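J.: I am attaching a structure below and will ask some questions about it afterwards.
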Amino acid sequence: MTMPRHNGTHFLDVALAHEKCKDYFLFRSEIYLGDGMRTTLYFMGIAYCFIGLSAITDRFFRSMENVVKQTRKVVVIDPLTKVETVKYEKVWNYTIADIALLAFGTSFPQISLATIDAIRNLGSLYAGGLGPGTLVGSAAFDLFPIHAVCVVVPKAGELKKISDIGVWLVELFWSFWAYIWLYIILKVWTPNVVTLLESILTVLQFGLLLLNAYAQDMRWPYLSLPFSRSERPEEWVPEEVSPRKNESLREDSFDFSQVADYEDRNIVDIFSIHADNEAGPSYQSLPPDEVAESIAEQALRSVKADDVSFLSLWKQQFVDAVMFEHKKLEGIFLRSVRFTWYLLLLPWRVMFAFVPPYRIAHGWIAFICSLLFISGIAYIVTKFTDMISCVTGINPYVIAFTVLAAGTSWPDLVASKIAAERQTTADSAIANITCSNSVNIYVGIGIPWLINTTYNYFAYHEPLRIESAEGLSFSLLVYFCTSVGCISVLVLRRLVFGAELGGPRLWAWISCGFFMFLWLIFVTLSSLKVSGLL
């Protein structure tokens, strides 16, 4: 079934020429329904996909947490005493994990949607507007509404500031440059077209972001800004009191704590990358003849633990998926609401129970499977968007940077909110926003454009044409202007209150309202421009 695409630049022109949509999503009988009914059903379908996206996000975050917990054993031999010291070091650098896993993972719904849109456009000289529109709209949602939520999350009077200004400035620079670079491509270098060279340069800049951020975190000479890291706690996430009985189990007990963590499903701790979560005590002094025996014993116990727990854990995922939990003192109305929500989530929960437990392979298998499910949901969302555009005649770009951008940015909102609540600093809450916006351009737009420009170059020897370049470049200008206002407020709060998040409740809510006002300005002006009314 070929889905319709409307690439008109003016909403009024499309509306006047609009005819009854003859395409359908699942059943041919859909075409006999009224346009209003079909539009409502398709919007409900998108909303239900976003519910599924929220459900898989929980499992995705848990797998990502386990990936970053991975440690490696380092044995150091004292040259004098010949005593071997065993040390467990984290595999992932904090800053790189924030960008490559956290920011990339929370932006994956937008990235997969844009990539699917690009694959569907293979063979066409014109790029689809669904992907870029969603990513630019997502950047605005990340910067304004998510900052608005984070600034009021800390308790009254509590202040949370960025401890590593140097890393934040690096991430902020690459975030701003990403959108300046996109404007240069669309309006200055090769107006209204994208070449293969431009696509390659866009993707390569993600690697430069990682290198620059790592250099700043490690304070490399000549490659880092002269800002010291101040007041950065050893454990960025304070330890929580666990309700489990088996408190005596340590994390060096071959991931038994991760098995127990599965029982504590009310807390999604995705920021343990900043905790001092080592696989055992920081240092263990062992005589040389006991090291080999200790390693062999641990390996044997680990194999036994895997045999016993893996299948039972996977089975427990299905049991939990169909289980309805309620409190004894709940009223009838509240219980009815919870049961309705349970029924809505039930198909998603059963489907996502097929994702293997995140304990195996350091969480990588569950991580990849979660991304595949997210890609599948994003594909369904693109189909619903096509149908809404076909039935109503609304430009897909308008739907992309409003409805789709807000829905696919939900993981970003959840991630930053949890960071603002649990972390003692504002680093990851704000870094997730700036890094996600960088990932949106360098990866989310760069990869789809690289796919299309490569195909067009070898098939037609032609560049990729951007039919919505005028509206997209205008949105970039509006975004850049309003983002200056947002960053200025954060800087002002640092100077006045000593922190970017929290502080006096009145001023926190005023900042929240201002951020939301900037978002409304972006959405309104961009919609009017794309609709031909501005």
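Just so it is clear, glycine is given a Cβ too, placed from its N, Cα and C backbone atoms.
Automated prediction, rather than curation, is the source of TrEMBL annotations.
Quick paste of what TrEMBL says about this protein:
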- 42-213: domain 'Sodium/calcium exchanger membrane region' (DOMAIN)
- 363-526: domain 'Sodium/calcium exchanger membrane region' (DOMAIN)
- 41-61: transmembrane segment (TRANSMEM)
- 165-186: transmembrane segment (TRANSMEM)
- 192-215: transmembrane segment (TRANSMEM)
- 337-355: transmembrane segment (TRANSMEM)
- 361-381: transmembrane segment (TRANSMEM)
- 388-410: transmembrane segment (TRANSMEM)
- 430-451: transmembrane segment (TRANSMEM)
- 472-494: transmembrane segment (TRANSMEM)
- 506-528: transmembrane segment (TRANSMEM)
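Give me the structural setting of these features: burial, nearby parts and distances.
T.: Tertiary proximity for the transmembrane segment (165-186) is limited to same-chain residues at least six positions away from its ends with a CB under 8 Å from its CB atoms, namely 95, 99, 136, 139, 192, 194, 198, 202, 205, 208-209, 212-213, 216-217, 219, 224-230, 427, 430-431, 434-435, 437-438, 440-442, 445, 466, 469, 472-473, 476-477, 479-480, 483, 487.
Counting same-chain residues at least six beyond the ends of the transmembrane segment (192-215), those with a Cβ under 8 angstroms from any Cβ of the stretch are 93, 95-96, 99-100, 127, 167, 170-171, 174, 177-178, 181-182, 185-186, 223-224, 438-439, 441-443, 445-447, 449-450, 452-454, 457, 463-466, 469-470.
Long-range neighbours of the transmembrane segment (361-381) within the same chain, counting only residues 6 or more positions beyond its ends whose Cβ lies under 8 Å from a Cβ of the stretch, are 45-46, 49, 52-53, 56, 59-60, 62-67, 69-70, 105, 108-109, 112-113, 115-116, 351-352, 354-355, 404, 407-408.
Here the transmembrane segment (430-451) has Cβ contacts under 8 Å with residues 98-99, 102-104, 106-107, 110-111, 114-115, 117-119, 122, 127, 131-132, 135-136, 138-139, 142-143, 146-147, 150, 162, 167-168, 171-172, 174-175, 178-179, 181-182, 194, 196, 198-200, 202-203, 205-206, 209, 412, 415-416, 419, 464, 490, 500-501 of the same chain, all six or more residues outside its ends.
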J.: Sequence-remote contacts (6 or more beyond its ends) of the transmembrane segment (472-494), Cβ cut-off under 8 Å?
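T.: For the transmembrane segment (472-494), the sequence-distant neighbours (Cβ-Cβ under 8 Å, at least 6 residues beyond its ends) are 129, 132-133, 136-137, 139-140, 143-144, 147, 151, 161-162, 172, 176, 179-180, 182-183, 186-187, 397, 401, 430, 466, 500, 503, 507, 511, 514-515, 518-519, 521-522, 525-526, 529-530.
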J.: Cβ under 8 Å to the transmembrane segment (506-528), counting only same-chain residues 6 or more beyond its ends: which ones?
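T.: For the transmembrane segment (506-528), the list is 137, 140-141, 144-145, 147-149, 151-152, 154, 398, 401-402, 471, 474-475, 478-479, 482, 485-486, 489, 493, 497, 534.
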J.: Residues of the same chain, at least six outside the transmembrane segment (41-61), with any C-beta under 8 angstroms of its C-beta?
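T.: Hits for the transmembrane segment (41-61): 25, 30, 33, 105, 109, 268, 270, 344-345, 348-349, 352, 355, 358, 366-367, 370-371, 373-374, 377, 380-381, 384-385, 387-388, 391, 403-404, 407-408, 410-411, 414-415.
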